[in-house]
Amino acid sequence: MMKKTICLLVIISLVFPLGGCWSRKELSDLAIVLAAGLDSTPEGNILLTVELARPSALGGSQGGQQIGGGGQQNNVWVISQEGETVMDATRYLEGKVSRHIYWGHTVILVLGEQLAKEGIRKAINFFSRAPHSRETIWVIVARGQARDILNSHSLLENTSAQAAGRMIGAGVGVPVMLKDLSMMLANKGVNPVLPRMELTPSGTPQGPVMYENIPEAQNAQQPSTKIHAEITLTGTAVFDDERLVGWLDYHQTRGLLWLKDKITVGEITVPSPSEPDKKISIDITRGSTRVEPFYDGQNIWFDVQMNLDGALLEQQSTEELTDEPIFTAIENSTARAIEANARSVIELAKYDYGVDVFGFGQAFHRKYKEAWPALKDEWNEAFISADINLKVEAHIRRTGLTTNRLSK
Amino acid sequence: MAAFFNKFRRPRRLNTPVQKPVNSSGGQNSQRQSGPGHTSQSRTLSSDIEDNLRSLKEIFNQCNDIIFREFLFAQREHIKLALIYIDGLTDKSQVSDQIMRTLSLEVPTATDKAAITKENAWHYIKMRGLCVHQLQESQKLEDVINAILSGDSILLVDGHATALIVGSRGWAARSIEESKTETVVRGPRESFVETLRTNTSMLRRKIKNPNLKIEALQLGEVTKTDIAVIYIKGIASDGLVQEVKNRLSKIKIDAVLESGYIEELIRDHPFSVFPTLSHTDRPDRVAANLLEGRVAIMVDGTPMVLVAPYLFIEAIQTPEDYYEQSFFMSGVRMLRIISMVIALTLPSLYIAIVSFHHEMLPTPLLLSIAAQREAVPFPVFVEALLMELAFEIIREAGIRLPRDVGQAVSIVAALIIGQAAVQAGLVAGATIIVVALTAMASFTVYYSGSFTFRLLRFPLMFLAASFGLFGIVGGVIAMVVHMASLRSFGVPYLAPLGPVITEDLKDSAVRAPWWAMRKRPHLIGQNNPQREAPGMQPRPPQPKNK
Amino acid sequence: MLEGGKISSGQAVFLNITMIIATAMLAVPAIAAVHARQDAWLSMLLATLLALPIAWVTASLGTLFPGKTLVEYTEDILGKWPGKLLGLLYLLWFIHICSIMIREYGNFLIDVFMPETPLIVINILGAALAAYTVKNGLEVLARVNQIFLPIILISVILIFLLALPEMKLERFLPVFEAETVKIFKGAIVPWGWMGEIITFAMLIPFLAQPGQTRHTAVITIPLVGLFFTLLAVASVAVFGPVFSNMNFPVLNAARVINIANFIDRPEPIIMAIWIIGGLLKISIFYYVSVLGFAQWLNLKDYRPLVLPVGVILIALSIAVAENMLELTHFLGNVSPYELLTFELVIPLTLLLIALVRRQGGNRQ
């Protein structure tokens, strides 16, 4: 008995080193992908661009070397590869990258404009199905090629991917995770929207020479132009099911957020009631929206109620805010500004693009579940002919640290 | 194959038949067979003192320290006395003052003097002649030898075949000091010493009750070590006491130098890494254990006292838990549980996460660790293993070091591990932190209890390197299943967590205040479950008006 | 009696709970949602109600034949040879379930976490651990279960709480969109899984307080039902009805947890805890199979059977399905019929026959 047990233990303990611990991957065997970009090529293939982290430049242990000069630039390595599908491109990429490509820490997924116009379903399935990647990746659309967007670096964060991820997560644009995108694509009551990002000039780098990567600078013959370009959120992409049909700019994105009940941060600028050429800015503390659908068998109309709690934080004019009519007037003009913005976005969605991106269809489905199956396949047409009544209530609760201006 | 197996069964040291344990207070047992060291059959003394002296001198031939002091009783020429003792084991002043002086110089009054004859001299001495604190008698040579070797003095009276065993023990012993391995901040500081009688006296001071029974026996053929089995009658269950005595009686070994010998010979599961008997050198701990219904085994010559039974939950209990306030000590206990878990699994978790489950780390941390790992040539597993081994070496060396060299060596060790290894690029900083934290965590459990975790760390590291977190889980499950199958003297090892005994949970991860601890541990103290009257929660009188 | 150990009724309830939920945690919410979509939680409630009779039948049979396990009293009810045949069928059924479970868990581990490791290695290790547990006897199994089950349950509650930020109540709307038929269809598989309480019939003789049998069996079902409903609720709230396409929806729910960017993607820890649950369930069914075989063959001790049955389990676990899709198809479409036959139809018939023939002591 004793002998048998010992033999068994010896055999078992030999099994472990034999197999070589199949799934073990050292950290130094991994190429950590921070951001992925997908573009479509003229031949119909997919161009995959990955932003790989270079840990030796990032961590800064005692063993790492100090890189003088353009230290920021060496944090990541951006590389592209074409393939028939995303996985196909990954296989070819493995010939270029010395380590195993690891998707577990990907922060953002950038879809190129051309690819978005052709349809995004074919591109995103890999990221939902593969066990390593997360469903919480932020998905964005690039204006132009995704590859160019990734080829940038951030002055504030370690890598541009992290910068973009944090910005979207803060709610400045429409925050869309991969799981949200899947849900929006699956649901007939709403069409997807994705934030739009592009490289814009963003300040002048201080300090030693940095090699910039704005397209103009790359072609120029002189050395660095001393202008820094960073990924910037500039608007929203509007989709009809899976195809890109249009853009909303930064201002219109606010309206979109209002209608989707996703407003978290922001501000509204209105002209002052008594001095119309001076402006007053109100910070949005809390905003909420309620959508109520109505259907009488023939016509559909929606009542949208938007509520704003704001704080008046900047006043260019000098009027007395403690004066009640003035204060009410400011509140009213704020409400009107929001309404006008929302109205313009709705018009845009209805008549220019012809899609319901706000989720009115979902609201309709929730209330009228019997009528929904008949309408759901032509919901966009139904949406275009529906009336939408907007009602905004704006309350300015606070005025910051001072009531009236300290100086006159 | 059976022969191979049987080699592990029977101890190979002795081929003498069974010996019953001897009561050292004089002994009523018969049929003592001979063993190594004894050349004579059991003999009784003769009435002739010269005979006795001769046989004793023969037995103690070449023992330089034995003293044969012959003198006369009360200056009578014809009443010869002989005092035999071992120099070094006896209290010399007692021998000279109480025995010799009273017998030779302090002469009885004239009338008594006349009445003393050779015939009644022995009787007179026994009843009136000596002023000593302990006096026994025996006719057997065996008892005489035993008594001499225990430090008593033997008084032989010519013409009488019974020897008087005079208590005169006293030798140089370590004084009562603070326990070196189990320290507390609040609570008694004394610890047991190597002398059995001193230890039992310390226990008696804590439990002033005649039900505290101290039963003596001798184990070890050659060493004849005194053992005491201690329990509180009426609290400890009779079955448990009987079982302990049974197991002790089966021990046939030539020497019992430390309680560890006994522990290995009577334990329930000889091949398990988990101990089922605890040992301690603190009297307050032993006293508390006795009061719960356990049995203590004390061995002369070592301060470590065994206590049976022992449950797994006791690894996180220290005496201080019961002295300080229950709220704070409950927090400290939970901290100890966390430390235990850390000591067991932290290196494995580190290996598993860094090798298998990279997605669990937040991205900045991952990149930072990845940067460190770029510089290191080994895989995490090898690195962690090397550092753990290095630390074990340092720990062992720290125990064996001569005191004087300690300072210098510890500085060098710190330098080697801390600075050089990291800067030379041999180990990553994160690994050092992991190893150091593990080491510190393993010290929160008293030294002897920590062996199990220190040992089990290594198989878990192997498992973690092979299968990641699931290897660790598998290892932990195997450990728990093994522990659940152990019993310590009949009590399930994992009680009160294994079979959940709700009323005992008040003393497991938390320590309920004393007014809530009304019952003894269920499975051990079932003989006498109530230890406290109900309604002990302090209710100070409220002032009538505020 | 082949097993000398005794378990308390608390331990028995714990064993029953583990017996049922450990594998259901992985896949059942998705299977129910295929039919009922966002009303999956209603299916779970319905399944709870439907499973109560099974528990009642189990307890009744157990009290009619005190001291005998299922394998033993089938002989009493049906006569020697038909009874032995039915006993054998039941034993084969236990082994079948056990091997499916080993396969399910092995697949889960390999798919999600360690794609390079061969399936058979994981299965062998799992079966070996279970064999060690079974060899130590019922009492040890009950104790280990008592220690680990609370941890497993707490981890589920933790997932639920930590994923709260991602949950939206409106994903439940519209309620009752699915027709009753669909809700019923969605309830069948959970019903089948909950009916595994029939396995308790093999453990009833070892209760320290046999009078508590009915109490124990009946208490388990609402607890288990609550648990299933909670899982379904969590899945719907985080994902909406699309999760019917996910293989392991609760895993995905655990993956969206992100607290302060520190506890991010904690699913290996949570899944590791669930592996323990799976292992315990495998041990229970393994034990029941081994014990049953020993009783069927009239052996004195079940220990020699542990290794052979283990080998059979491992081999069967590989053979039972070619790939993941086949397994899911089997679980969703075929297994309900098999389960319900063995759990409801046959025991009910046995009970009726026993009552008609006025058998057994302790009639209530």
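Note that the numbers count up from 1, one per residue, in the order the chain is shown.
Backbone N, Cα and C atoms are what each Cβ position is placed from, and that goes for glycine too.
Annotations in TrEMBL come from automatic prediction, not curation.
Owing to the predicted nature of the structure, the values given are computational and were not obtained by experimental measurement.
Here TrEMBL flags C:12-34, C:40-65, C:85-102, C:108-132, C:144-163, C:183-207, C:219-243, C:269-293, C:305-325, C:337-356 as transmembrane segment.
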Remote residues contacting the transmembrane segment (C:12-34) - C-beta distance under 8 A, at least 6 residues beyond either end: 40, 43-44, 47, 101, 104-105, 108, 141-142, 145-146, 149, 152, 156, 186-187, 189-190, 193-194, 196-197, 199-200, 203, 207, 212, 216-217, 219-220, 223-224, 227-228, 231-232, 235-236, 241, 243-251, 274, 277-278, 280-281, 284-285, 328, 331-332
Winner by Cβ pairs under 8 Å against the transmembrane segment (C:269-293), considering only C:108-132, C:183-207, C:305-325: C:108-132
Contact yes or no, the transmembrane segment (C:108-132) and the transmembrane segment (C:40-65), 3+ Cβ pairs under 8 Å, gap 6+: no
Ranked first among C:85-102, C:183-207, C:337-356 for CB pairs under 8 angstroms with the transmembrane segment (C:40-65): C:183-207
Residues from the same chain, set at least six apart from the ends of the transmembrane segment (C:85-102), whose C-beta lies under 8 A from its own: 22-23, 70-72, 74-75, 78, 123, 126-127, 196, 199, 278, 281-282, 285-286, 288-289, 292-293, 296, 309, 312-314, 316-317, 320, 327, 330-331, 335, 338, 342, 346
